[in-house]
Amino acid sequence: MQHNKILIRQLGLQPYEPISQAMHEFTDARDEDTLDEIWLVEHHPVFTQGQAGKAEHVLVPGDIPVIQSDRGGQVTYHGPGQQVMYVLLNLKRRKLGVRELVTLLEQTVVNTLAEYGIESHPRADAPGVYVGDRKICSLGLRIRKGCSFHGLALNIAMDLAPFLRINPCGYAGMEMTQMRQWQPEVTPETVAPRLVANLLALLNHPPHEYLPQQ
């Protein structure tokens with residue numbers, strides 16, 4: 001078996017909770033022989049509170065559910081038109097530290113955006129990726145048994161208004177942006193393969209396989 005191989009699942013538009021549960025079950029059940037996986041998904045509208053999340057950062061949730069998550073970080077919003085990429089990696093096997101993985105994911109996004117002519121950067125004081133002062137990608141991870149789960153959420157072509165109902169990632173007045181502002185035709189379907197390709201490049205091009213959407 002090629003332990004280095006990564007399986008890539010395109011899950012489409014899904015509610016948050018069943019995918020979160022499946023991700024936990026996958027991580028709990030995995031052993032040394034379990035292949036790493038990348039899950040690509042868009043979520044129905046939902047606010048998720050990270051482990052460090054404070055209730056006061058959820059300002060006016062209205063009709064959008066607020067769900068507690070065990071990822072790192074504070075509150076964020078997921079909705080259609082945002083590409084979520086969950087990274088289910090055995091860090092020990094890949095000889096990656098947690099900080100290295102965060103840097104690698106941020107660089108994956110920076111490299112992907114550069115392909116679309118969008119200049120972006122990470123910030124030392126606030127994980128994620130930014131275009132100027134505006135946030136375009138949120139990042140939150142959890143490590144269990146030396147394996148990562150959760151991942152990143154890249155704003156592509158979505159309704160950004162729900163972000164006004166929260167202090168994104170715990171920062172009052174944090175402005176959000178998305179790829180559509182620079183590339184009007186862009187969609188999660190077109191960006192996802194570039195995101196995966198850039199992640200695989202930074203992981204030194206491991207063998208990989210796209211699984212058919214179920």
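Using N, Cα and C of the backbone, Cβ positions are placed for all residues, glycine too.
Swiss-Prot has this to say about the protein:
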- C169: active site, acyl-thioester intermediate (ACT_SITE)
- R71, G72, G73, Q74, V75, T76, Y77, H78, S138, L139, G140, G151, L152, A153: substrate binding site (BINDING)
- 32-207: domain 'BPL/LPL catalytic' (DOMAIN)
- K135: site 'Lowers pKa of active site Cys' (SITE)
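With the fewest other C-beta atoms within 10 Å around its C-beta, R71 stands out among the recorded positions R71, K135. Spatially, by CA atoms, the binding-site residues R71, G73, Y77, G140, L152 include one closest to the residue listed as 'active site, acyl-thioester intermediate', and that is G73.
In this structure, the CA atom of L152 (substrate binding site) is 12 Å away from the CA atom of K135 (site 'Lowers pKa of active site Cys'). Confidence for the domain 'BPL/LPL catalytic' (32-207), expressed as mean pLDDT, is 95. G73 (substrate binding site) falls outside any helix or strand according to DSSP and counts as coil.
The binding residues for substrate are recorded as R71, G72, G73, Q74, V75, T76, Y77, H78, S138, L139, G140, G151, L152, A153; their greatest pairwise CA distance is 15 Å. Cα of V75 (substrate binding site) to Cα of K135 (site 'Lowers pKa of active site Cys'): a span of 14 Å.
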